[in-house]
Amino acid sequence: MKRQPVAKPPEATGKMARGFFWTGLEFIGRQGVTFVIQILLARLLVPDDFGLVGMLTIFIALANVLIESGFQTWLLHEKAPSETDFSTVFFFNFSIALVLYGILFFIAPFVADFYQEPILTKMLRLLGLLIVFAAFSIVQRAQLTIKFDFRSQAIISTVAMALSGAFAIAGALAGLGVWSLVLQQVLNQLLQTILLTATNRWFPRLVFDIPAFKKMFSYSWKLLVSSLLDTVYQNGISVLVGKFFLGTTLGYYTNAQKMRDVAAMSVTNAVNKVSFPSLSRVKEDQEKLRKGFKEILSLSMFLTIPLMLGLAGCAYEVFEVLFGPKWLPAVPYFQIMCLSGVTYPLHMLNLVLLQIVGRTDSFLLLEIVKKILGFATLVSALLLFKNVFILICVTSGVDFLMIFINGVYTKGILDYSLKSQFRQIAKSALAGGIMLVAIFSLNFLPVQWPAIVMLLSKVLVGAGVYLSCTYFFGVTEIKKIFFWVQGLKRQKV
């Protein structure tokens, strides 16, 4: 088979590679620490504890979206935001955070009544502090991202997660139960805010520019509404499971979702964080924009496909070895979530493209259409089946269908259809499918191996099959990664 030579990436791609390296390291480090903490806490606590925290996730997530309000995206989209712009965003974020915390404090007893869990009142009031701390860090993160300083963000995220996780584990050992999970989240955000401020050393001026605010809001309000819709939809299943099923069931769902996110979001968030500022710089040149989009799509899917399919194939062994038998009911949930997680970078990149070219109107329209479809399907599935596994299958199926809706707009912007995107990642997808079959085939061996032995065997077989297939199919991403790593070494990152 004739192989195409790997072209030397341009200098801009090298800068993007450094961004991916440190952003990837941030998520690997932070999610790796999160992963270890999750394992220890899952062994020390019971599924009900995770279920209680899962009941409140939607409120904190919505508050965080309202605080950010799409303004961080505007700062990254703008070519040269001024000090006045930064200060205006800061004071808006902080003011909204105080108002929202007051609202959460007030509604906490009603939330507890809704779920019939009195402890949720104090939990929500303490967790609400997250949004106040987060408001201080939004501009700091935006400035570091604009500077392409992903290294500092990687170190800060990992250190904050490690320290807060240590406190959580100590709390669990001391018998604090669910409060150890609450304290971990609050301390993590507080530490991140302190470290970001100490690193970036930016402080706001006492100014609030109303004309600048109006300019930002005209761009950001559509992103805000879109994010609110997405947050309600993504967390809606947690609300339904928490209301209509046992807290233990929500605990299984929450832990499976967190495990999936540790893997899926490591790549997806790195893609989003680096691709936005990188592609924004070439948004005026359609050819460069298309080329950058293709490179990021190929690389992100090359990494995501084996990661998510591999976890789906090893799910039983992963949960038995890491969490123990009490968490095995979460395995079917986790497997379906992993299959859905394969498409995350495809979703993310198509939506990021709309933001880059300033088509926030199309972004909002897409979210409205998709969420109406998603909500209708979710409620129908609940009424018809009243089964958590079926709910997860249905929402995963809807997520896949939404890719086609996103692709309609991408074709109009870049003249790069969804069919072309699928064709570009087809070889990696085929290699991933063969890998998954190879992993599952080990389940039919006529011997009973210990879970840890089976897990290691599946990892080795899966990695070997995927790398062999991608080499045979002529997938060049592994060579590009090697080339970029060599370049990073020469530049000392």
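Quick reminder: no glycine exception, Cβ is built from N, Cα and C everywhere.
The following features are taken from TrEMBL:
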TRANSMEM  20-44  transmembrane segment
TRANSMEM  50-67  transmembrane segment
TRANSMEM  88-111  transmembrane segment
TRANSMEM  123-142  transmembrane segment
TRANSMEM  154-182  transmembrane segment
TRANSMEM  232-253  transmembrane segment
TRANSMEM  296-319  transmembrane segment
TRANSMEM  331-352  transmembrane segment
TRANSMEM  364-383  transmembrane segment
TRANSMEM  389-409  transmembrane segment
TRANSMEM  429-445  transmembrane segment
TRANSMEM  451-473  transmembrane segment
Verify whether three or more Cβ pairs under 8 angstroms connect the transmembrane segment (232-253) with the transmembrane segment (364-383), leaving out any pair fewer than 6 apart in sequence.
yes
For the transmembrane segment (123-142) and the transmembrane segment (232-253), check the count of CB pairs under 8 Å (sequence separation 6 or more) and say whether it reaches 3 or more.
no
Near the transmembrane segment (331-352), which same-chain residues lie under 8 Å Cβ to Cβ, leaving out any that are not at least 6 residues past its ends?
252-253, 256-257, 259-260, 263-265, 267-268, 271-272, 275-276, 279, 293, 296-297, 300-301, 304-305, 308-309, 311-312, 315-316, 319, 363, 366, 388-389, 392-393, 395-396, 399-400, 402-403, 406-407, 409-410, 421, 425, 432
Recorded stretches the transmembrane segment (88-111) and the transmembrane segment (50-67) touching, at least 3 CB pairs under 8 Å:
yes
Can at least 3 Cβ pairs under 8 A be found between the transmembrane segment (296-319) and the transmembrane segment (50-67), with each pair 6 or more apart in sequence?
no
Thinking of Cβ pairs under 8 Å, which stretch from 154-182, 429-445, 451-473 has the most of them with the transmembrane segment (50-67)?
154-182
